[in-house]
Amino acid sequence: MRLTVRLVDIAARGILLHHNDAKSLGVLAGDRIVISSPVTGKATVDYVETTGTLIDQGRIGVYHHTNEQLTLTENEVVEVRVADRPVSLDYIKKKMEGEKLTREDIRAIVADIVQDTLSPSEITAFVVSSYINQLDMDEIESLTRAMVETGDQLSFHAGPIVDKHSIGGVPGNKISLIVVPIIAASGLLIPKTSSRAITGAGGTADLMEVLAPVEFSASEVQEMTIKTGGVIVWGGATNIAPADDKIIIQEYPFKIDQIGQMIASVMAKKFAVGADVVAIDIPVGKYCKVHTIEEGKKLARQFIDLGERLNMRVECALTYGDAPVGRAIGPKLEIKEALSVLEGSDSPRSLIQKSCVIAGIALELAGKANRGEGANLALEILRSGKALKKFLDIIAVQGGTPDVSSEKITVGEHFYTVRADSTGYVIDLNNHSLITIARTAGAPADHGAGLYLHAKHGTSLSKGDPIFTIYADRKWRLEKAIEEARRLRPVMVEGMLIDRVPNVREWVPGRSRNLE
């Protein structure tokens with residue numbers, strides 16, 4: 001069938017057909033068609049949407065994302081035909097039925113995800129089927145390798161190449177801003193690709209973007225790493241393991257965190273950047289992805305097993321996850337706190353200790369320190385000022401201004417301090433609620449938004465003492481965040497007396513006890 005192009009300014013992928021043309025082709029909404037241009041010779045497969053009013057019969061509406069591949073012009077005539085059904089759908093159905101997928105099955109699924117052959121609903125079917133029928137280690141390895149093969153890779157002549165990762169779930173976990181410069185200052189290479197926040201108040205890429213650009217190609221990442229020893233960039237711009245982002249997008253609405261896919265996601269990125277040694281942070285706590293030490297050890301063994309299959313040395317640290325790391329949550333607040341540590345501040349101790357522990361593991365794995373001595377070496381590098389100098393070098397090589405300090409970072413101009421309404425001790429911090437408040441205040445999109453904790457577990461408070469301060473770039477967002485803070489009450493303060501249980505019976509003076 002020949003149809004005349006009408007370009008539609010919609011960012012999504014897809015094409016729009018009149019009902020009658022769709023009927024003539026024998027397709028329904030959601031089916032695939034092949035569009036080819038006789039002018040350029042380009043062709044692509046995309047999904048059909050139908051209408052009776054938005055497009056005239058004989059015309060085809062081409063969305064922006066689709067036209068990026070075809071470069072069609074308005075009123076150009078194109079050829080349209082029904083596309084073949086992807087064989088990868090059979091493999092997804094196979095997983096739905098509880099069968100084990102082969103390496104070739106998984107390679108076909110991942111290739112179709114990357115090439116946009118599978119629709120979002122079909123990718124969701126793969127995600128859900130892998131969630132219900134868990135991937136085993138063979139499938140996880142196959143998924144990891146397929147993710148790597150379908151994207152760009154880095155290749156360094158010198159080694160060992162170091163990387164680190166945190167599986168997330170803890171607010172304020174800004175340790176990459178300290179770990180990366182410590183590792184790079186030791187003489188090792190660490191090409192750190194990081195994520196943006198999906199449900200959090202700031203991913204590492206969101207934080208680094210306060211100071212420097214974070215979107216680079218894989219070749220640029222490699223070049224900058226060789227020049228300075230390390231980078232902190234957004235992985236989504238590198239085309240490293242591109243299937244991962246497409247899978248994560250489909251996981252998000254269901255709040256699915258499928259363990260096998262998570263392990264493959266992490267390790268694919270590490271393998272693709274050429275990492276020889278990897279330190280993995282697994283926070284453990286009631287508000288974390290991992291709730292118990294036993295669960296954490298099981299997950300760690302899976303990471304280590306996969307590392308051995310991929311010829312990478314992996315070690316995992318089970319870390320305390322029942323409170324934020326440091327006191328700051330939100331891009332500029334966290335950058336300010338990380339810079340203060342790099343500049344020599346002795347607090348917050350949780351941030352310093354965790355950063356040095358993770359950096360220390362990496363230094364030991366890479367042969368820079370004996371076992372058990374890595375954290376001390378990391379602290380020595382931090383205290384010497386070498387890590388700060390290296391961090392400023394990283395900012396510069398990524399196109400930022402290295403003339404920066406913690407004092408120069410300004411946070412949201414609108415703020416409100418939540419205070420204790422009674423005397424007592426902090427007995428609980430709800431990480432989920434703290435993140436919700438920070439996001440309501442505008443983080444991570446508004447870089448100055450977030451919150452700062454004045455009190456953490458065990459802090460003694462008198463009535464009226466500050467518990468945390470909310471910051472926002474916009475007043476209306478601050479007002480919304482205050483409402484959330486009052487509703488959620490994320491910090492629990494209790495005295496030694498939890499409650500009184502009264503005797504509700506009336507007491508009569510002089511009444512004798514019944515001894516019968």
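Don't overthink the numbers, they just go from 1 along the chain as shown.
Cβ atoms are placed via backbone N, Cα and C, with glycine included.
Here the structure is a predicted model, which means the values were calculated and not measured.
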AMP site partner of G169, S195, R196, A197, I198, T199, G200, T204, S265 (as recorded in Swiss-Prot), chosen from K289, K297, K298: K289
Cα separation, D257 (active site, proton donor) to G169 (AMP binding site) (Å, whole number): 11
Pairwise CA distance, R196 (AMP binding site) versus D257 (active site, proton donor), rounded so that it is a whole Å: 16
Residues near D257 (active site, proton donor) in space but at least six apart in sequence (CB under 8 A): E251, K289
Cα-Cα distance, maximum over G169, S195, R196, A197, I198, T199, G200, T204, S265, K289, record's AMP binders, Å: 18
Secondary-structure category, per DSSP, in which G169 (AMP binding site) falls: coil
Binding-site residues listed as G169, I198, G200, S265, least Cβ neighbours within 10 Å: I198
